[in-house]
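These features come from TrEMBL:
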type	residues	note
BINDING	11-16, K51, 67-68, 143-146, R166, 171-172	ITP binding site
BINDING	E39, D67	Mg(2+) binding site
Amino acid sequence: MPAPRSILFVTGNKHKLADVTSILGSEFEIKNHSYDLPEIQGSLQDIVTEKCKAAAEIVQGPVLTEDTWLSYNAMNDLPGPYIKWFLNSIGCDGLYHMLDGFSTKEAKAGCTFGYTEGPGKPIHMFDGILHGEVVAPRGDKGFGWNAIFQPNGHEKTYAEMDDDERNACSHRFLAAMKLRDFLQSQF
Ligand SMILES: O=P(O)(O)OP(=O)(O)OP(=O)(O)OC[C@H]1O[C@@H](n2cnc3c(O)ncnc32)[C@H](O)[C@@H]1O
Ligand SMILES: [Mg+2]
């Protein structure tokens with residue numbers, strides 16, 4: 001049997017690394033270069049493109065990056081990819097209360113992988129989006145804004161799910177399935 005193909009995932013977030021390893025680890029060897037890549041202001045595509053380009057320059061070879069967002073329908077999809085700065089400033093409770101007075105709490109959790117074979121090569125993007133609702137914080141599992149996101153059709157927030165349960169339905173799972181199909185088609 002051939003050795004599993006290895007993927008170098010450049011991320012400074014150990015939870016993302018654990019998720020990707022859990023989702024794709026049986027088919028690919030997931031390696032990590034821990035680095036907090038610069039994130040520009042702009043469209044999601046621009047952010048992912050620049051993150052992936054920077055990572056390819058650092059490792060001088062094939063590389064995987066990822067950017068995660070949380071978009072509020074009531075706010076025309078903000079905070080979106082800027083969620084990290086909102087979370088760092090006001091926490092999950094503040095993110096929940098941002099929607100006080102808005103009639104819809106609908107939101108989308110998403111992430112976009114950027115993959116390239118190296119510097120100057122095309123950047124392939126794979127996104128996963130899960131629709132749900134922003135709720136008062138519940139649960140203490142997972143990380144980030146997990147406690148305030150409840151996917152549609154589920155009675156638990158991400159933070160009330162075990163990792164396996166979350167990784168079987170999450171935005172990251174949906175994006176990882178597209179990445180997996182692409183990588184397998186490259187053999
Ligand atoms: O090095 P990178 O990969 O950029 O890792 P990061 O932690 O900076 O991640 P992002 O720039 O994508 O910012 C996303 C923010 O959302 C958080 N986050 C990422 N994935 C999440 C998930 O699946 N559930 C909840 N919060 C998440 C994360 O902790 C950040 O605060
Ligand atoms: Mg980041």
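Numbering starts at 1 and runs along the chain as it is shown here.
Keep in mind that glycine also has a Cβ here, set from the backbone N, Cα and C atoms.
Features per TrEMBL, on structure.
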| residue | record | DSSP class |
| --- | --- | --- |
| T11 | ITP binding site | coil |
| E39 | Mg(2+) binding site | coil |
| K51 | ITP binding site | helix |
| D67 | Mg(2+) binding site | strand |
| G144 | ITP binding site | coil |
| H171 | ITP binding site | helix |
Spatial neighbours, same chain, of H15 (ITP binding site) - Cβ under 8 Å, 6+ residues apart: G142, F143, G144
From K51, N146, H171: binding-site residues whose CA lies within 10 A of D67 (Mg(2+) binding site): K51
Rounded Cα separation (Å) that holds between N13 (ITP binding site) and E39 (Mg(2+) binding site): 14
Close binding-site residues near E39 (Mg(2+) binding site), where close means Cα within 10 Å, chosen from T11, K51, T68, N146, H171: K51
Candidate with sparsest Cβ neighbourhood (10 Å radius) among E39, D67, the listed binding-site residues: E39
Cβ neighbours within the same chain of T68 (ITP binding site) - under 8 Å, at least six residues apart: K16, P81, I83, A109, G110, C111, G144, H171, R172
Cβ-based isolation winner (fewest other Cβ atoms within 10 Å) among the binding-site residues N13, N146: N13
